[in-house]
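Asks: One structure is given below, represented as structure tokens, and several questions about it will come after.
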Amino acid sequence: MDANLRRKLDELPAEPGCYLMKDRAGEVVYVGKASSLRSRVRSYFDPGRGDQRAFVALLDELLGDLEVIVTRSEKEAVLLENELIKKHRPRFNVRLRDDKDFIVLKLDERHPYPRLEVRRAREKRQPGARYFGPYSSASSIRETLRMVNRHFQLRTCSDHVFDHRKRPCILYQIHRCPAPCVYEVAAEEYRQSVEDAVEFLEGREGELVERLRGRMDGAAAGLRFEEAARLRDQLQAVERSLEKQRVLMADRGDRDVIGLYREGPDLVVQVLSMRAGKLQDAQAHPFREQEFPDEEILSSFLSLYYEHTDAPDEILVPLEPVQAEALADVLSERRGRRVRLLTPQRGAKADLLDVARRNAEQGFRAWHEHDERREQALAAVERALHLARPPRWMECYDISTFQGALAVGSGVSMKDGEPDKANYRRYKVKAVAGQDDFAMLHEVITRRLRRALGEGQLPDLIVIDGGKGQLNAALAAAKDLGVPTRPSPGNPDAPFVELVGLAKSRLVDGPSLGTARVVGRRGRRAEARLADAAEAAEKGFVSELARSPERVFLPGRKDPVVLRQNSAELFLLARLRDEAHRFAITFHRKLRRERNFQSVLEEIPGIGEGRKRALLRHFGALRRVREATPEELAQVEGFGPRQAAAVHAFFHRPDAPPIAADEPSGAPAAAPGGGPTDASPEAVAAATEAEIDAALADEDASPEPAA
């Protein structure tokens with residue numbers, strides 16, 4: 001240990017605060033908190049503790065500097081540690097998945113007819129709104145939202161659509177919504193449905209069942225049979241939900257149970273969420289390289305986890321976390337009610353901790369098995385493509401264009417077989433005019449590799465979505481910049497990046513694989529573009545319609561490598577390629593929508609580029625601009641009454657341009673005149689899922705700015 005570090009250890013204050021450990025390059029590798037900085041930090045270097053952890057044994061070699069921040073209280077230290085971990089993302093700290101991986105249901109109770117909305121857990125909580133969750137998967141929130149909307153009949157349309165709808169949507173026709181947007185619905189009656197939904201989402205189904213049964217009996221006694229039937233359906237749905245839930249505690253309390261399982265530096269923290277005594281959710285959180293004590297890891301985890309979800313009355317933990325009292329104060333302050341951290345040693349609550357620990361162990365085993373399969377897939381890609389090393393950092397690039405217009409490129413990244421969205425990039429093609437995919441790809445790869453040279457980091461493998469021509473364009477870009485695409489025999493440590501082209505499967509000729517050309521009724525041959533053999537027979541064509549396997553083109557090889565169908569290497573590469581295609585298409589559609597928006601607004605006098613962008617940000621769609629009132633238009637940034645009146649008059653003049661519905665706005669509209677429609681419940685469910693998917697759409701990280 002150098003003299004400067006020894007001096008800092010000697011001068012540490014015996015006060016609460018946070019400490020930042022830095023490596024010799026100045027990067028923060030660990031952030032911790034303490035009620036006494038002197039005692040906590042010195043304990044890592046105390047040979048009398050008998051601590052044999054690998055990280056502590058390497059502290060002398062790893063640690064380059066130490067920084068401390070004194071706080072006024074232990075509670076401030078808890079809050080500061082949370083912020084420092086999010087800011088520096090230290091290597092040895094617990095880091096939860098990105099906040100946008102967690103989703104919640106929001107109910108804005110300030111609205112007279114509130115609805116459930118899907119929101120990211122990281123969004124700032126609004127006063128007067130109630131939140132349920134978080135849900136760790138889109139499928140779980142889909143199931144919950146579908147059931148609530150089906151049986152409690154809350155509206156699904158946005159506030160903007162609610163304010164401007166002229167006729168009820170299909171949900172009204174199939175008795176899934178009372179259509180408060182059009183018809184007069186008693187606020188008290190709707191509020192009753194909201195309260196029922198809240199009780200269901202909070203896990204208080206027992207109270208809800210009793211109340212529903214009483215209201216059903218009352219409606220039947222009053223000869224209101226339709227209302228009684230609706231309440232019966234709600235009651236049956238809630239009772240079916242109760243049958244699926246296991247009661248673990250007789251006291252019906254709300255608590256989370258934390259389990260922890262460790263092997264070496266890797267560990268899993270399991271959270272069992274219990275509401276009204278029933279297990280509602282279970283989430284496993286795996287972490288690597290966690291050399292610090294379990295009590296520090298647990299304290300950091302609880303502070304981060306409950307930042308975006310409400311803490312229950314009790315949190316059962318397997319051991320007392322660092323600064324447990326201050327942590328409980330922070331959680332209570334966030335929640336607005338008291339939160340207790342308990343470490344039971346015997347009884348039913350101790351049994352719950354054992355259940356959580358066994359679940360954590362099971363999650364640990366599943367996590368490591370997944371890691372093994374991922375390592376095997378990377379090794380299989382290395383063997384199949386004759387690579388010089390395992391492709392731990394892979395990127396894939398695709399071009400999207402429409403008749404040469406609005407050409408864009410996309411780049412997606414995978415590290416260790418998992419999406420690395422921080423390195424996703426979007427490119428506007430700048431130097432190519434017309435339809436020239438090869439030149440566009442050359443430009444995109446040139447820009448990517450130029451940035452990589454500036455950063456001093458090259459990926460292991462770049463996959464090009466395309467065949468030999470696209471691969472050659474990318475190789476030419478690498479050659480122009482002097483980027484090696486194979487390891488140097490004389491300098492094996494020199495950086496290089498390998499490139500391959502992944503071509504999609506296609507219809508091919510041949511008796512064993514089917515034929516790409518089919519014969520019609522008059523003997524005319526045509527390209528086969530039919531979905532399946534049944535469609536071919538219906539249209540009078542004869543074809544087996546088999547597809548070729550996926551093909552990978554390698555530099556310097558004439559024939560492509562044909563990957564085994566359903567193999568791990570094909571699945572990994574196809575997943576990377578499909579993600580690049582999705583990312584490019586999404587960006588291209590966004591640009592088309594913006595261009596269409598701008599072109600219509602160009603006809604409005606007095607509306608410049610700045611106000612066009614403000615309208616797009618505020619409303620998001622031309623249809624919503626057209627439906628807006630002058631008062632709503634005047635609320636847009638940079639707009640006054642005069643500009644608002646000009647826009648409103650433009651869209652409401654007799655020869656106004658027709659505007660197509662350019663995005664979903666909740667459920668589909670009912671037939672004119674309120675008559676029945678042919679929309680099925682499946683179509684309605686799809687509309688609801690479309691709204692969820694839109695809310696859960698990945699936010700494109702770090703887009704490449706256009707010139």
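A Cβ is built for glycine as well, from the same backbone N, Cα and C atoms used for every other residue.
Under the heading domain 'GIY-YIG', Swiss-Prot lists 14-94. The domain 'UVR' annotation in Swiss-Prot covers 206-241 and rests on sequence analysis. Taken from Swiss-Prot, the feature region 'Disordered' applies to 655-707. The feature compositional bias 'Low complexity' is assigned by Swiss-Prot to 660-689. Taken from Swiss-Prot, the feature compositional bias 'Acidic residues' applies to 690-707.
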Asks: Across the domain 'UVR' (206-241), what does the pLDDT come to on average, as a whole number?
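Replies: Here the predicted model's pLDDT, averaged over the domain 'UVR' (206-241), is 79.
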Asks: For the domain 'UVR' (206-241), what are the DSSP-based totals of helix, strand and coil residues?
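Replies: Counting residues per DSSP class in the domain 'UVR' (206-241), I get 33 helix, 0 strand, 3 coil.
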Asks: Could you break down the residues of the domain 'GIY-YIG' (14-94) into DSSP helix, strand and coil, giving a count for each?
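Replies: Here the numbers are 33 helix, 22 strand, 26 coil.
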